[in-house]
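These come from Swiss-Prot:
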type	residues	note
BINDING	L583, G584, E585, G586, G587, F588, G589, V590, V591, K605	ATP binding site
COMPBIAS	546-559	compositional bias 'Polar residues'
CARBOHYD	N70	N-linked glycosylation site
CARBOHYD	N177	N-linked glycosylation site
CARBOHYD	N217	N-linked glycosylation site
CARBOHYD	N231	N-linked glycosylation site
CARBOHYD	N251	N-linked glycosylation site
CARBOHYD	N284	N-linked glycosylation site
CARBOHYD	N298	N-linked glycosylation site
CARBOHYD	N334	N-linked glycosylation site
CARBOHYD	N418	N-linked glycosylation site
CARBOHYD	N427	N-linked glycosylation site
CARBOHYD	N438	N-linked glycosylation site
CARBOHYD	N464	N-linked glycosylation site
REPEAT	452-476	repeat 'LRR 3'
SIGNAL	1-19	signal peptide
TOPO_DOM	20-508	topological domain 'Extracellular'
TOPO_DOM	530-884	topological domain 'Cytoplasmic'
Amino acid sequence: MKIHLLLAMIGTFVVIIGAQDQEGFISLDCGLPSDESPYDDSFNGLTFTSDSTFIQTGKIDSVDKDLNINLSKQYLTLRYFPEGKRNCYSLDVKRGTTYLIVVSFVYGNYDGLNRDPNFDIHLGPNKWKRIDLDGEKEGTREEIIHKARSNSLDICLVKTGETLPIISAIEIRPLRNNTYVTQSGSLMMSFRVYLSNSDASIRYADDVHDRIWSPFNGSSHTHITTDLNINNSNAYEIPKNILQTAAIPRNASAPLIITWDPLPINAEVYLYMHFAEIQTLEANETRQFDVILRGNFNHSGFSPTKLKVFTLYTEEPMKCGSEGCYLQLVKTPNSTLPPLINAIEAYSVIEFSQLETSLSDVDAIKNIKNTYKLNKITWQGDPCLPQDLSWESIRCTYVDGSTSPTIISLDLSKSGLNGSIPQILQNFTQLQELDLSNNSLTGPVPIFLANMKTLSLINLSGNNLSGSVPQALLDKEKEGLVLKLEGNPDLCKSSFCNTEKKNKFLLPVIASAASLVIVVVVVALFFVFRKKKASPSNLHAPPSMPVSNPGHNSQSESSFTSKKIRFTYSEVQEMTNNFDKALGEGGFGVVYHGFVNVIEQVAVKLLSQSSSQGYKHFKAEVELLMRVHHINLVSLVGYCDEGEHLALIYEYMPNGDLKQHLSGKHGGFVLSWESRLKIVLDAALGLEYLHTGCVPPMVHRDIKTTNILLDQHLQAKLADFGLSRSFPIGNEKNVSTVVAGTPGYLDPEYYQTNWLTEKSDIYSFGIVLLEIISNRPIIQQSREKPHIVEWVSFMITKGDLRSIMDPNLHQDYDIGSVWKAIELAMSCVSLSSARRPNMSRVVNELKECLISETSRIGEGRDMESKGSMEFSRDIYNEVIPQAR
């Protein structure tokens, strides 16, 4: 059954336009001028906006007004692409969320050439489908159900011949993550029908997910209907008016048969069948039937639930082969009534086997692109893939389709770059060659370049850099790093460069002033020996020593210096609008929301006057954040140190902390197992940096879920460094210190001995792992085993994985990934610190957990609702195709 756009454009839609929520919907009218306001579709009430903010290329036009076709407004305009081979839309989505993605194409002879275009459409780096509009006067649409692998979704139009790619509309709808689950791959729609003799298609607002349902009336069927209300509260949320009609065989003794042809022959298909009993049965009446697919019993003795939907679906895909596909509903001997069915969906599997480029590399290169407005025509879509469409000026390393490519060479020479060398460059984890030559970059050469272990060439020549080159970078040059710095007149490779430059001027001045200096010294000594010895009580503490009062002497300078922005208290009041919006409160004080430079959101942590350790922790945190920089550590924007007023200003993290998400206090959104792994991996990378990337290394001392903050893309960053301490390098790996931390997360060995090592952080991180696994309190006195470590150990001895896991996940996870995470967590919380892994090992094992989860062969199915049931695993080793 070919799905024509005509169904969506001229079919009579049964809709109730009103209070339905379009939250999470993306509805783009491709070609709508950017200065036109969003509008509501007259058929269904969906709000469409211009696509102009989601793509920077292409031109817009309108279909030929003389065409004799009736089109909805969003199909009257289009965007076409005369430049570049690949042009991509970049859309914000949530990683791990399942989406229904619909793209529509109406040529409409916009160019007057009467040449129907053909081209490819890609989803990320993978080809989705060949689009051929030959003979498609009314246009065509393609649907796919796809789980987002990152927080950005690229939909790309790829030119393959002489005609230009076009697009008319893009519609994206979030679905529940426990529906349309596959063993692997995404789902292309084959057909979606409801059994009725109606001629009306149904979509939003009747269908809250905006799935389009076409009526289907088989010649051997008849139909029954009801006006009674149907309970549609299962995960698939089938529209009630669809469930109020059903098909039964014309011959009550015959089976109800539905057939369709496979397309292609070996296509793998998932089938979803929705049933509801809509007739009132008498005491002596029963409706019971067997569900048979391709001659195999799939579910025997099935009886639909009265006025309530029940969904049967294939747990594994099927292949129908050349004979075609057929579904039989066969009345059992005990049944007095014929079988019925209300609606059916069939999807074919499409494997998107090529993983996207490394997410950290993608984030970094897109950040650079946006910051410097690098409008290169090839810089669209995935940077490295497909290989023949990779971005100019970069080179990537490729292993195989199951491994994400990484960027190994970046050439931004002669690109008009200005300002300082961007810190985001350190996100390129495998970068070998960096060319920033012949730009207008200013400021010092940053130390982080020396910490990028894979770099073998750095070309900074032809800029306006200044200051001294970091010694660590010069040391790496001696070890083989190619470092090109020529053409920076104010940059020097020696710490004595400023002295050398001024020698010619200073020497004659010093010579002529020597006698004057001698006279001044003699006079000064005379007065010094006459002066009374100063009383110790009149001496101020040296600048390196803080005074005991948090509101330290205003005549004394602050006990630290910072290159970060120092704000006055009045500026802090202004940025927080006089502290009108509190984000939370901790031991340090209240955290407020604010703005710097009008648009940059910040979080302002204001020291409470009652905080006994406040100034000490304040000083420690500023000094630490002044010298550490990592993508997984919260950045310090600035600070305030004015009399009794102390404040820390951080980057704003709009998604709060991990604890809020686990507890459901942040919008009620349940983090998937994949999302949880990515978050703790981010946190682990930040902690690994503190332990191994800092000089000297640092112990955080307060790792917990409330100190793991999430940005708008759910990227995790460690926060709250007030308790952090450095620890020695070399043989002596611990320091004696007063015990500090949070009960429940605190390392028992550290608590007993007062000896602090990086392994104390490992213990706390293990508790965090157990928290994201189980989503249970760290300490719960009502449990037989109150502490979470004891409780999980007890459950492991029972082999009770299901009781350990967060029930909100509904078993939607890879068992191997989960067990590996539990084993890792338990090794982290070993009572002996010597038996705990280091953070590098933790990072590697979390990566393995994540790989196992993202590539799992089979995923768990939601059985929370009794309105759905999967088919038996051992019936099928083949799958379905397409409808006719």
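Think of each number as a place in line: the chain as shown, counted from 1.
Glycine residues also receive a Cβ, built from the backbone N, Cα and C atoms like all the rest.
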Among N231, N418, N427, N464, the most crowded of the glycosylation sites [Cβ within 10 Å]: N427
N334 (N-linked glycosylation site): tally of other CB atoms within 10 A of its CB: 9
Lowest local Cβ density among N70, N284, L583, E585, which the record lists as recorded positions, within 10 Å: N284
Winner by Cβ contact number (other Cβ atoms within 10 Å) across the glycosylation sites N217, N251, N298, N438: N298
Secondary-structure category, per DSSP, in which N251 (N-linked glycosylation site) falls: coil
Those recorded positions of N251, N284, N334, N427, L583, G589 having Cα within 10 angstroms of N464 (N-linked glycosylation site): none
CB contacts for N177 (N-linked glycosylation site) [other CB atoms within 10 A, all chains]: 21
Candidates L583, E585, G589 (binding-site residues) with Cα within 10 Å of N438 (N-linked glycosylation site): none
From glycosylation sites N177, N231, N298, the one whose Cα lies nearest N427 (N-linked glycosylation site): N177
CB contacts for G589 (ATP binding site) [other CB atoms within 10 A, all chains]: 20
CB within-chain contacts under 8 A for V591 (ATP binding site), separation at least 6: A582, L583, G584, E585, A603, V604, K605, L606
Residues in the repeat 'LRR 3' (452-476) grouped by DSSP into helix, strand and remaining coil: 6 helix, 8 strand, 11 coil
From glycosylation sites N284, N334, N418, the one whose Cα lies nearest N251 (N-linked glycosylation site): N334
Cα separation, N284 (N-linked glycosylation site) to N418 (N-linked glycosylation site) (Å, whole number): 84
Residue among glycosylation sites N70, N177, N217, N231, N298 with Cα closest to the Cα of G589 (ATP binding site): N177
